[in-house]
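**Q** Sending over a structure as structure tokens; questions will come in a sec.
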Amino acid sequence: MKCLKLLLPLLLLVRDISTQWTVWMPRDISAMTNSCVVIPCTFTYPSAVRPYRGTHGIWYFGQPYPQLFPPVVYKSRTEIVHESYKGRTKLLGDLSQKNCTLQINNVGTELSGRYYFRADLGGANIYTYPDFTELKVLDQPNIDVPAEIVSDESLDLTCYAPDNCPDMIPEIHWMYTDYLPEPLFTSDYVEDSNTAVLASTLTFTPRPIHNGQLLGCRVHYPNTSFVYERLISLDIKYPPRTVWVNVSQEVMEGSLVILHCDVDSNPVPRISWLFGDEELMSDTASNASLYLESLTPEQEGVYTCVGDNGYGIMNTSMYLAVKYPPREPWVNGSLTVQEGSSLALHCTTQGNPAPTLTWLKDGELVGTITADEVSILELLEITPQVDGTYRCLAENEHGRSSSSLNITVEFAPILLEDSKCTIVREGVQCVCMASGNPEPSIEFYLPDLNITINETNGRFNYYTHSDGYTSTGMIKLREKGERGNNGGTAVHVHCSISNIYGTETIRLELQQEKKYMMAVIVGTIGGVAVIAFIIAAVRYVGQNNKKENGNPGQDVGSRVENPSMFYSAVKKDKQSLRKKVLKTELLGSKFNSILEESTGEDGDYQSVGSMAGLERQELNYAALEFVRGRPREGGLGRGDDGSDYTEIKAK
């Protein structure tokens, strides 16, 4: 019982497989134009499917998929069909009997193609069968001609006409047979897969005189005006007499060239096309064409056509020249060389005609132009300026091509002019810049302190940066003790630059920063202007006092009731002078700050100016000097030591 339960699903599966969606129709079928054709067709569907409201069908042309909207050839539900098939189709079979045979009338060559059947059983039971029939519509009959016709040997020629239209029966007749010796005509009817072909065979023995003569086959449908004809020319073998080929020619690369060869011989020769000693093709015919597609320069040369029929041999040759633009030049690979060495750059290419070769460096012409397929550019005593991209340009009348390489020159480090020490707000900033390949390393040395500053020494705000072949090193000396033991403003800093090709050490010169000098100048000029203003004011007040008192000989001090008040005023003028000088310094510092690039509180290695160092300069006091005048009566003494001026010091 258990075995039966397992076997039942298997039996159902076998039954379903035996009754799947299937269709039978001939794979190929043919018809003459304006005649008709009947496509036999039967189909099946799964036994579990029950037609709903009858069995219907649709014939499609070209595609089996309705969603692609193929032309409708026939539709049983409606008469809506493609305009190409209106009034041309009818169903000969009974769909309820699973017969889908279709007849197409008045066929034309435009109806050649594939035909598909689609069963419509109602609801979702619609299926398009993938099998198809391919219809071939002929406008002339086919004649079967042997590949080789030999004189004095029996020859059979067969003409075929399709017979797949029940309303039209073809008849075959041979034409131009009057000159043939004892011709024999036989007919045969061939059926295959429910398709039929009528065949008529002409048998005769050709002679050399028959070579080139015409024979024809005519197909006629009685009771119609449809007539179809096919003519052939007899080709009878005899020894080769002439071999004709194309004349020698020049063609462009990539083009299509057809080389023709015609041989007049009997029997028909075996024609071979040779390229040098290599056989490219052979054919048994009176003419043969060699197709050379997408020609390459390697196909340039001598082509020979050989005709051989066993009774004789003959050949003719021609030369084919292939023109083409220059190939991509071959050049040296990219190179790394040392300064002072020598180098030869090679450039090789091919082209027809021979190209000219030109060397360019970074777009500029170098060397000479060579009209050859090889060019050598010699570079002697290489300098860093040789570094760059070199391109070899090949040109001819058909185009151009180029290849490039890079030359990298390695050289010992070279100190750049921007290397120096500069007074900045934080102290002294020293910059060392060098160019070299490989990129040079930079070290600073303070001889007064016997200290070497590099990447391993984090003091003095050491900073380094590389850009291409240029390296930059920078340090800042903030305190006087860092600058040297001499206690002055002199700075002793040495810079050492090195790579694998050399080392150089130089002393960096100290330069005043322009913004700093400008601040000093502005502050000094401002201080002098204030002093001059005070002197002028004092003299003006003195002259007014003289005029008011009416005694020009009397000393200024005699008109002052309280000498201590006068001294106090002078002292205040002294303090005011110092304040104005300091204010000028601050203004100069502020002006200098406007010129600076913002670098943060600590400064990021920018060259900056400052007025903070003014107190280190020699401007330590200002003096007002009154030049000795004429003695005045009753004048007050000017000091215990009899001096003629009063000194105001601002320290």
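Indices start at 1 and increase along the chain as displayed.
Using the three backbone atoms N, Cα and C, a Cβ is placed for every residue, glycine included.
Straight from TrEMBL, here's the annotation block:
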SIGNAL    1-19  signal peptide
DOMAIN    130-233  domain 'Ig-like'
DOMAIN    240-321  domain 'Ig-like'
DOMAIN    326-408  domain 'Ig-like'
TRANSMEM  516-538  transmembrane segment
REGION    631-651  region 'Disordered'
**Q** Take every residue in the domain 'Ig-like' (240-321), average their pLDDT values, and give the whole-number result.
**A** 91
**Q** Count the residues of the domain 'Ig-like' (326-408) that DSSP assigns to helix (H, G, I), to strand (E, B) and to coil, and report the three numbers in that order.
**A** 3 helix, 51 strand, 29 coil
**Q** Could you break down the residues of the domain 'Ig-like' (240-321) into DSSP helix, strand and coil, giving a count for each?
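**A** Secondary-structure composition of the domain 'Ig-like' (240-321): 3 helix, 56 strand, 23 coil.
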